[in-house]
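Take a look at the structure set out below.
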Amino acid sequence: MSDLELSVMAGDTDRAKPLLGRWLWNAVLPAALVALLLGFAAFDHGVLSPANLLNIAQQTSYLALFAMAQTVVILTRGFDLALGPTVSMVSVGTALAMAGATATGHDTSLVLFAGLGAGFGLGIACGLFNGVVIALLGVNPFVATLGSYNIAIGIATTLSSGRPVQGVPKLFSQIFYGGSIFGVPAAIAITVAIGIALHLVLSRTVFGRSLYIIGTNPRAAAVAGLPVKRILVATYVLCSALAALGAIMMTARTGSGEPNLGGALSLQAIAGAVVGGTSLAGGRGGVGTAVLGALFITILSNGMNLTRIDGYVQMVVLGAIVIVGVLLDRLRMERSQ
Amino acid sequence: MSTALITAGPQNSIGLRSIAGRIGLLPALLVLLVAGMSAVDPQFYGIINILNILRNASLLAIVASGQALVIVAGGFDLSVGAVVALASVVTAKTMATTAAAFPGNTALIIASGVAAGLGCGIVVGLVNGFCVAKLKVSGFVVTLGTMSATAGVGLMITNGIPVYGMPDIFVKGFGRAQAFGLPTAVHVALIVILVMVFAQRRTLFGRYVYAIGGNVDAAVVSGVSIQRHIVGTYVVSSVLAALVGILLTAQVGSGQASFGGDRMMLQSIAAAVIGGVSLRGGVGRVEIVAISALFLTILGNALNLLHVDSRLQPVFLGVIMVAAVALDELSRRRNARV
């Protein structure tokens, strides 16, 4: 499975290289992951305990979802700086809709439906805004999503008056946080299911493949007759919809709508995608890179927490890791070309 | 030139449009905003409010002019906000330490603090420039990394607690002082902008930065040393951010790791972009960016005076930013078609 993933993320360019060299370079990040886990385990045996591993998996599932969302747009040479604020806005909107529906005395299934509808509705609206501004008006993705970043923050804090929104029904949290499928916690199950689906979309559908073509060479994509603008709009909608799903899962975890939920998520998700090997130049990356990067960052911060490394030092380490990760990836690409 | 405009009817509108295009919509919007606010609220043109606006606009303009230089060369500097914080903390800490070692030697205390603060800027700028130019990592990722690292170091030094112990004269005689009726920050900003305008137009460095941002390959073929100039843009950007950190420290009277931050970084990019700096590189003038910083500051001030909910204010900034760039893009497309 992982070998397949990795060959997908490495792209076609290194087909010609000797198998061993390619395999070695592709194994750098997974090997670093294992080394990291063992290293932390040497300091604290709790790191490898089943409870902590489950904890890591659960924490990773949120970041992985956001990194996947970010990867989809990065594939087309885009960005979504507004991802974090979108998460905040969806969280607040979902909680408000459910609280409102509960207050007006609707039954539980309708309340859940209202919450999900409001959450995904807001997410998709945000994605449409980004997509239209970027694809149809031709605004640089950085500026466009920086604009919607501010707009979404404004809406999230205004709707919630800057305070957590209470009134999320217990059942909502029980399903999306406490629930489990065959013993697998809901967050992990949802992320795995979405990951598989997204992987199939990216590798097996015309839409998915055209994202890679647009990222590799937008002009060639247009000349080849791809409806580039429509695809780009759909891409940003997909990204925001995935972010909305993550926001709903996180809202279920906290049990309230949080206007600050997104915080630093935009940049964390970009870091996750990029550390995993997604190229900001577009056209390279996938579900595998997003999950690997998210795992790496989660394990690193989990291990640093357990070994009681100062939170401020952790910021420095994470900053350095992002740069080193991308540098390694660049070297790998140079080797394979 | 002007007679040609008057005599030739159809060319007249084109000429006017090109003049409007060169100066931009921004000054007109600025005048409109100032006139409108003056009519609505007399508090707006009170001397205290004006000085307040000018001081804040100056700080933003200094950071934004550095940011603009990096963007013109085709890069990004996400670390400026964190550099403001680090420089503030380091300046205050160094002054406090020197004051303990050499009590009473005010000149030495201030010089060491300012040097240490600017030094931080140089170091971060060199790291950014080195990673981008030599290691060829994308500027976005590099400065994303150094942003996190720099902010972390600033917090590590202080544990989030403000640093005191600076000489009185640094705070009262510099930070809160006024010369010719204007705060120190305004004078510093004017000098910085003048120097940057001169550098952009009259120095090889400035011209090469345009060349690199406009077309890297052409610049390489013309013999421009790409790496050195890219490092230069990042160093200038970080040093200017550090300067703002020092100015803020002097004004507030303590070094704080909460200065600058993401807000300053995002605003500096917004100011540059609204000021007509193209994210494609190669286009952008510092003086327009400074006007744009003034515009953004006045806009925030006006929204406050009009009692617009502070939580709703980011929405205005976002809409204006997207609209400004979209308009710019649409007019460029129309010109390209003609």
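The backbone N, Cα and C atoms fix where each Cβ goes, and this holds for glycine too.
All TrEMBL annotations are machine predictions without curation.
Taken verbatim from TrEMBL:
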type	residues	note
TRANSMEM	A:23-43	transmembrane segment
TRANSMEM	A:55-75	transmembrane segment
TRANSMEM	A:81-103	transmembrane segment
TRANSMEM	A:110-139	transmembrane segment
TRANSMEM	A:175-202	transmembrane segment
TRANSMEM	A:231-249	transmembrane segment
TRANSMEM	A:261-280	transmembrane segment
TRANSMEM	A:287-305	transmembrane segment
TRANSMEM	A:311-328	transmembrane segment
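Tallying C-beta pairs under 8 angstroms between the transmembrane segment (A:23-43) and each of A:55-75, A:110-139, A:175-202, A:261-280, A:287-305 places A:287-305 first. Proximity of the transmembrane segment (A:261-280) to the transmembrane segment (A:110-139) is not established, fewer than 3 Cβ-Cβ distances being under 8 Å for residue pairs spaced 6 or more apart. Sequence-distant contacts of the transmembrane segment (A:81-103) (same chain, six or more residues past either end, CB-CB distance under 8 Å): 66, 69-70, 110-112, 114-123, 126, 130, 142, 145-146, 148-153, 155-156, 159-160, 165-169, 172, 239-240, 243-244, 246-248, 250-251, 256-269. Through the fold, the transmembrane segment (A:110-139) approaches residues 78, 80, 82, 86, 89-91, 93-98, 100-102, 145, 147-148, 151-152, 168-169, 171-172, 175, 228-230, 232-241, 243-245, 247-248, 251 of its own chain, all at least 6 residues removed from its boundaries and within a Cβ separation under 8 Å. The list of residues near the transmembrane segment (A:175-202) in space but at least 6 beyond its ends in sequence, with Cβ under 8 angstroms from a Cβ of it, reads 5, 54, 57-58, 60-62, 64-65, 68, 72, 75, 112, 208-209, 211-212, 242, 245, 248-249, 251-253, 286-288, 291. Note on the transmembrane segment (A:231-249): residues 61-62, 65-66, 68-70, 72-73, 75-76, 78, 80, 82-83, 86-88, 90-91, 94, 115-116, 119-120, 122-124, 126-128, 130-132, 134-136, 176-177, 186-187, 190, 194, 198, 207, 210-211, 214, 261-262 of its chain, located 6 or more positions outside it, place their CB under 8 angstroms from a CB of the stretch.
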